[in-house]
Structure formats: C-alpha cells, structure tokens
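Asker: I have a structure here, written as structure tokens, and I will follow up with some questions on it.
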Amino acid sequence: MSTEKINFDIHKILTLLPHRYPILLVDRVLELEPHKAIKALKNVTVNEPFFTGHFPKRPVMPGVLIIEALAQAAALLTFAEAQPKDPENTLYYFVGIDNARFKRVVEPGDQLILNVTFERYIRGIWKFKAVAEVDGKVAAEAELMCTVKTADAAP
C-alpha cells in the first residue's frame with residue numbers, strides 16, 4: 001500500500017465525476033491517500049445559484065449541498081479505491097447517510113474543507129466518515145454510503 005499523497009485540480013475532477021455546474025461541488029483535491037482518505041476544497045462564492053433564494057438577506061449554503069459536496073469527495077476517493085475499467089461510464093450512487101449533523105453555517109467567502117475517510121467496503125457498499133470544516137471548525141459531519149455502477153446498468 002502506497003503512502004504517497006495525491007492532489008489534483010478541477011480538470012482531473014471533471015474526468016472522474018459526471019457532475020457539472022451548478023451541482024459540481026468540489027473545486028480541488030488537496031490530498032488523496034488511496035485506501036485511506038481524501039481532503040478536498042469547495043470555494044463558496046456569492047455567485048452560487050442557490051444563494052438567490054437561500055437566503056437573499058443572509059446567504060447560507062444549504063446543508064444538503066454540504067452533504068452533497070462530501071459525497072462527491074467520497075466518490076473521488078472511491079474512484080481511487082475501485083479503479084474502474086471504464087471511468088467515463090462509471091457512476092457513484094449515494095445510497096445512504098447516517099448521523100448527519102450541522103454545526104455552523106457556511107457563507108459566501110468561506111473555504112469548505114471536505115475530509116472523507118474510508119471506513120469499510122461490504123457487499124458492494126462503500127462506507128465513509130465525512131467532515132466538512134471552515135477555518136478549522138466543523139460545519140457538518142455524517143457517515144456516507146455509496147455504490148459504484150456502470151452508467152448503463154440499472155441503479
């Protein structure tokens with residue numbers, strides 16, 4: 001098992017995730033240690049489309065989108081784990097969430113650090129511990145589960 005830590009930019013992320021604007025929520029992978037963990041970044045800007053309605057007078061990033069950002073980071077870690085034969089035809093389905101907690105608001109100008117740690121793989125389900133932080137303080141945390149399928153396979 002390698003201890004080399006990998007990082008990559010948005011161009012590499014776009015080759016691995018099918019998400020695109022406005023739902024692509026990972027801007028950069030800061031560190032990826034295969035078989036262990038990923039640390040990724042989401043720059044939160046006032047130009048995000050969800051801020052138009054959530055909330056006009058005090059923009060706050062919706063908690064479900066923080067969880068989605070964590071799930072996308074988990075998908076990138078899963079990609080490093082699973083190493084699919086056909087990455088462009090591979091989808092990561094978010095299949096479960098446990099113990100989600102929201103600890104602080106995330107606002108425009110914040111840098112959301114997405115920390116996801118691999119816990120286990122059982123019967124086709126990947127399980128992760130996920131924590132989103134701003135300025136070193138926990139904004140949200142959850143246990144996430146996903147599965148990997150080819151795009152032409154039924155979910």
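Every residue gets a Cβ built from N, Cα and C, even glycine.
Copied straight from Swiss-Prot:
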type	residues	note
ACT_SITE	HIS54	active site
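Describe the structural context of these features.
Answerer: In this structure, HIS54 (active site) belongs to neither helix nor strand by DSSP; it is coil.
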Asker: Around HIS54 (active site), how many other CB atoms lie within 10 A of its CB?
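Answerer: For HIS54 (active site), the 10 Å Cβ neighbour count is 14.
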